[in-house]
Every structure is written in C-alpha cells, then in structure tokens.
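Peer 1: Copying in the features that TrEMBL gives for the protein in this structure:
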type	residues	note
COMPBIAS	1-14	compositional bias 'Basic and acidic residues'
REGION	1-25	region 'Disordered'
TRANSMEM	37-58	transmembrane segment
TRANSMEM	92-114	transmembrane segment
TRANSMEM	148-165	transmembrane segment
TRANSMEM	177-197	transmembrane segment
TRANSMEM	302-320	transmembrane segment
TRANSMEM	332-351	transmembrane segment
TRANSMEM	415-440	transmembrane segment
C-alpha cells in the first residue's frame, strides 16, 4: 500500500519527534508484545480445535460422503459413537510415512540445493538471490527464489510418471489421504516445537525474537522472525511455499485421476477447479520475489500458526473442492461452467492487476501512470524505532482508489468460483469461501491497525479519501 521508504535530507533523518501523535515501537513489526484475554482465548481454541476441524472434514468425506451434518446427527441420536468413527479411520502406515518423507526431502533438496535457473530464460520472471524487507533488528535477509523451478520440476516428473514411467499410480495421494494427514500433523508439530526451542536457545538473530511470557501465544504465533538453518534454509519461506503449495496442484491432479478411475471421465467442474486453482498457485510462484514484501514474510513470526498451518491446514482444507468432486462428481451446464470460469478469471485479474498497480507505484515512487494518468496519493511520515524519520506515499488511484484492499476482493471472487463449481448439494466445499472471508477481513483489520499506529493522522486522511475496505459502497 505504501511506496518504498524514501529517506529525505540528513537533518530529517535525524529528526526524533513522533509524527502526528502516533506512538512508534517495535510493535509496528511482527506480532503483539502483550496478549489480551480475547487473543489468548482465540489461540487456545485454535490449538485445541483446528486439528479436529481438519480431521472432521476429511472424515466426513471418507465415511459420510462429505456430509457435515450426518456425523453429528449420528452421534446425537446414538447411531454411532466417537470410537466407531475413530475405528473406521485409516491409521498411519509405513507406505504413507515413506511417501511423505520422500516428498518433503525432495522439496528440501529443490529448495536448498538447486539454484534457480528459470530467471535466466523466462522474460519478466524474478528469481535467484533476492533481498527481503528490513527486519526490526535491521537485518536484510537474502533468499534463493526458486519456487517456480521447484514446481516445474515436480510436475514434469509427475506427468512423466503418469504417462511413461508408471512408478506409482496418479491416484496415490487420494488413496493415502488420511494416513498422509497423520504424517503432515507430525511434521507440523515437530517443526513448530523446534522453532520455539530454537527461539529460546539458539535463535538466528536474538534481536528479531519476541517473548510475551505466555507459552500458548508464543508457541502459536512464534518467537523468531526469520528462523534459519545455515545461510539459506529459511523456515518461513520454505514452509509457506513448499511443500504445501507445490503439493496443492498435485493433490488436485490426484483427485482428477481418481475421478477418471471411478467414473471413466473427469467432469468439467473438476477441470475448472484444477485450472483456476492452478492459476492461483502458478501466480504465487511467478511472484515469489514479490511475496517477500507481504505481511506473511514482513510481519508474521514463525510458530505453529505457520508451521502446522502450512503443513496441514493449507493442503487439506484448501483442496476440499477437488476432494468433494471425487465423491460427488458434478457435470456443469455450459452456461454455468462459463460463468464460473469468467468469475474466477475476473477475480484473478483484479487480484493481480491491483497488486501490479501497487508494485508499480512503489518501484517508481509514484512516477508512473495508473489507468492512463499520474496516480494520486497521500504523503505520510513516520518515525522508526531508532528515531529516523521516513516518508511514504499511500496511493488513492486505480483499484486502490476503489477500496483499501481491493486485491482481497479479487481473491474472494476466485475463492467463490472454486466453490460454485461444486454445485449446491452440500455445505462442505463452501467452507473455503467462508474461511477466506474471515481470514482476509481479519487481515484488513490487522493491516489497518498497524498502519494507524504507524501513520497516525495521515492514515485518517487516507481512509477519509478511500473510505471502503473491500466492497466499494458496502464495506
């Protein structure tokens, strides 16, 4: 939202006043220093129930044909006991453990030991060694951006196996879906626990650690800002992008293969889900260098929220549409399929174009054209922890003049398209749009709270000029 930090004269750089009455602290970066009772209650709830939510959704498909209501009805009426449901749940197997260990190891190798070559021949793609944002301790970490390369290599091997080598069935992920869930949970808890221990005893940078004194909050939200092993293995970038997001499209392909195996065809709804979500995943990796400037990398510490969430929550709940379509194949009418495709593509266009406008504005410091004319903006000032005064520009043109987070609006349109492809017979595939609505609204509020703390009265001027957050005229 803001243009790059622009340092002014040496006199201004030494200015130590607090602009616009806004109080500055390290809290502008990362998570909170202090934990209120609501945050603590929310975190304990998530730690207790998020794993159960994932299990419930997967179990509902495996045992109840994706009905979210029937398991509860059976339990309430005495037709089933929790032990009955648990006994029918596939256990952890050596096969699933072997698959998962090979998968994660392969992604670690691609991430840590194979330098990026895609940026050498793909015009416009930014890969290779890139710098991240400045951390609270003043560190500028370097990253090997090679996610697109990892995705390409992985999928080339997947299709080579499916059509030539036949080492394993393309349905292997679906066939081991619940045993793989136990593996993903083990990795999620191990890496989250290790990150917390590391933060206490051997942090990568002690000045980039935050301790609230509350065990549950520190475990979930993380202590270290950028935990690393060695020079290049960054926990946050690896687990945010790999193995979960690389797996996203493979999981959908496995669902499509299972549909072909069961019914002799792949429905147009399954193709839509694969195509639209595939575009989203490819967009993530094409813009992985840009991702270094987002809230996940620039503000979130690495704890259970990211560690377990990226290992379990993302691959299991972001792919519910494809899982549902294996159990309930939907063949859409031509008009409906085209309408959903258009909704998804328009949503993606808005998401990408909005982010492009912001990136262009930042890179040129506002010396560019948005929709054919010079963009409007509000100039803001703030003071960093060391008392240095900085200036930023908040754009009020293009999509950013329509709403303060219009990129999220495009994201929500795409999310709705995934769900609509599944029809209206069950609630389960619509979990994603409900979850994304809550998540992105919460991100809006987090971001705006941080911006108000940072810019003070200047932020009020900005919100007066751009009054809506997501939907112009509504919210």
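Quick reminder: no glycine exception, Cβ is built from N, Cα and C everywhere.
So that I understand the layout, could you describe where these features sit and how close they are to other parts?
Peer 2: Nonlocal intrachain contacts for the transmembrane segment (37-58), taken as residues 6+ away from its ends with a CB within less than 8 angstroms of a stretch CB, comprise 68, 71, 177-178, 181, 185, 214, 216-217, 219-221, 304, 308-309, 312-313, 316-317, 320, 323, 428, 431.
Residues 144, 146, 149-150, 153-154, 172, 176, 179-180, 182-184, 187, 232-233, 238, 242-243, 246-247 of the same chain lie 6+ residues outside the transmembrane segment (92-114) yet bring a C-beta within less than 8 angstroms of a C-beta in it.
Below 8 angstroms of C-beta separation, residues 47, 50-51, 53-54, 57-58, 181, 184-185, 187-189, 191-192, 195-196, 218-227, 235-236, 239-240, 243-245, 247-248, 251-252, 255, 277, 296, 428-429, 431-432, 435 of the same chain, each at least six residues beyond the ends of the transmembrane segment (302-320), sit close to that stretch.
Residues 267-269, 272, 275-276, 279-280, 283, 399, 406-407, 409-418, 420-421, 423 of the same chain sit 6 or more residues outside the transmembrane segment (332-351) yet have a Cβ under 8 Å from a Cβ within it.
Long-range neighbours of the transmembrane segment (415-440) within the same chain, counting only residues 6 or more positions beyond its ends whose Cβ lies under 8 Å from a Cβ of the stretch, are 57, 60-61, 66-69, 269, 272-273, 276-277, 317-318, 320-321, 324-325, 328, 330, 332, 337, 340-341, 343-344, 347, 405, 408, 470.
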